[in-house]
Each structure stands twice: as C-alpha cells, then as structure tokens.
Amino acid sequence: MEKGTFQIKTGFAEMFKGGVIMDVTTPEQAVIAEEAGAVAVMALERVPADIRAQGGVARMSDPKIIKEIMAAVSIPVMAKVRIGHFVEAMILEAIGVDFIDESEVLTPADEEHHIDKWKFKVPFVCGARNLGEALRRIAEGAAMIRTKGEAGTGNVVEAVRHARTMWKEIRYVQSLREDELMAYAKEIGAPFELVKWVHDHGRLPVVNFAAGGIATPADAALMMHLGMDGVFVGSGIFKSGDPRKRARAIVRAVAHYNDPEVLAEVSEDLGEPMVGINLDQLKEEERLAKRGW
C-alpha cells in the first residue's frame, strides 16, 4: 500500500466483509487458517486465552514470528500493538504487516491517548464497546472497528452486548432531529461530522467486525445475525480439539449464517471446544474490554 489515504485503507477493510480473521501463533497454524478459508490472520506469540492465563505484561509479538507467518501465507497478515504504543506500530509498519490491531488484549502502554493512526500508511483496526468509542477511534484514523467482547474467555456474551449496544445507539442517532446532533456528539465525545454521517447512513463509516469470545460456528453466525460484517476468532480455534475442522466450520457458518441446516451440519463432530470462562468469575481488573476509552 503505497498511498495511505483513508479511502484506500477503508476499501482494504471492505474486502474482509463476510469473512473470518483467525489468531495464529505459528506458520503452521497460519496455513491451516488459510486453507480453511480465512480472509486474513492475526499473528501473535500467544492467543488471548494464554495471555489471560499467564498474566504479566503482554506486548507486541516478536517481529521474527510475525515475519515467519507472513512468509507462510498469501492472505493479509495483521498484528497487535498495545494501546497508545506508536513505536510498536512503527515497527510493524516497517516489517510490512497489512493491518495493525491497536488492542486491549495487550497491556496498554498509554492510559490517556490512543495512537494517532493518521500518521501511518498501514490501516488500523480498533475495538469499541459503543458508538462513542467507535467514532473516537475512527476520528483518530481507524479504518475498521471490532467489538471488544471479552477475549480469551470463549464466552460470547460481551461481544453480543457490544454489538447490540452499537446498533441501539445507531438507531437512536437516526431518530434525532438534525439540530439535536451536536448535543449528542458532545454527550458521547465524538466529532459532529461522524455523528452526522451515522445519522444519514444508519451505520458506521467503516467495516465493523465481531470479536472476543467467539468459540463455535453458532457463535459466529449469531454475530452475523446481529449485523456484524465479519468475525475475528482468537483462542476459539487453536485451543479446541480439532482446529482444522473447527476453522473450516466457522468460515462456513459466517458465509451461511442464515441457513440453519448448514449451521447444524458444520456444528457436528468438531471435537472439544475451548474451555470457557464464566464472566461472573472474572475480577474487575481481569476484564480486558474496559481498557481504552
């Protein structure tokens, strides 16, 4: 991507619509993801379930691991940086990743400021729990939004909450008179121009994917029914009993989310799903979705 204009960045993200992006930690996993039909992979040293289990500070992955994954597949490769850590983003841009995820899954580097994403040619995806968060990230230059969900839990409830909240707030914006939009923009802390765009178009100005806790084909199809453009699957595939089969099943579930017969077929005989976490058991400081603002 020679030109880093916003239209080119958002156009690139549009190409992922209707697809599945999978977390991978090795070139072998990346090949499994590509063969299963993933539209892109997210290169990581540890999947969110392991980051959650091991604790400590989670940082950008070793560039060597990311480069090995990039060499193994022909589909786009994404990688994560800490919230606010623009130097990690500079490193990823230098090694040629296709997309950067400024991610709450990693330990935030800055608790007040997100990265100024306009300064980069490479496009960014960011998490959001509601319309205000989404529009702030887009104002900073994000070319793609995803729900935050609660990564590494295998529990889809937070992703569902964030998706429903986003659409509820979009519908509310549409119900406002034009002379009420400025006050609402102030209330949610988002630029007026973006609030007006949402009012006029009834959706976000960029692609919006589901992420965080998606573990089964049914979970993935549920998020598509809730109006998402596609799905990120993290720990749910390679922490399960039969990753190859589950990866293929989730890709088919997203493509055929409206066909219960296909969903029933792809949900059969997938082996053990990842062990999930009931969110009631999480301490407040263990919740990743509240990172960022």
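From the backbone N, Cα and C atoms, a Cβ is placed for every residue, glycine too.
Around K80 (active site, schiff-base intermediate with D-ribose 5-phosphate), taking its Cβ as the centre, 27 other Cβ atoms fall within 10 Å, counting all chains. The feature active site, schiff-base intermediate with D-ribose 5-phosphate is assigned by Swiss-Prot to K80.
What Swiss-Prot lists as D-ribose 5-phosphate binding site is D23, G152, G213, G234, S235, and the listing cites sequence analysis. In the three-state DSSP scheme, S235 (D-ribose 5-phosphate binding site) is classed as helix. Residue environment of S235 (D-ribose 5-phosphate binding site) contains 27 other Cβ atoms, counted within 10 Å of its Cβ in all protein chains.
With a 10 A radius on its CB, R164 (D-glyceraldehyde 3-phosphate binding site) counts 13 other CB atoms from all the protein chains. Residues or ranges marked as D-glyceraldehyde 3-phosphate binding site by Swiss-Prot: R164.
For G234 (D-ribose 5-phosphate binding site), the same-chain residues that are 6 or more apart in sequence and have a Cβ closer than 8 Å to its Cβ are M22, D23, M42, V47, P48, A49, V105, A151, G152, A211, G212, I214. Counted within 10 Å of its Cβ, the other Cβ atoms near G152 (D-ribose 5-phosphate binding site) come to 27, all protein chains included.
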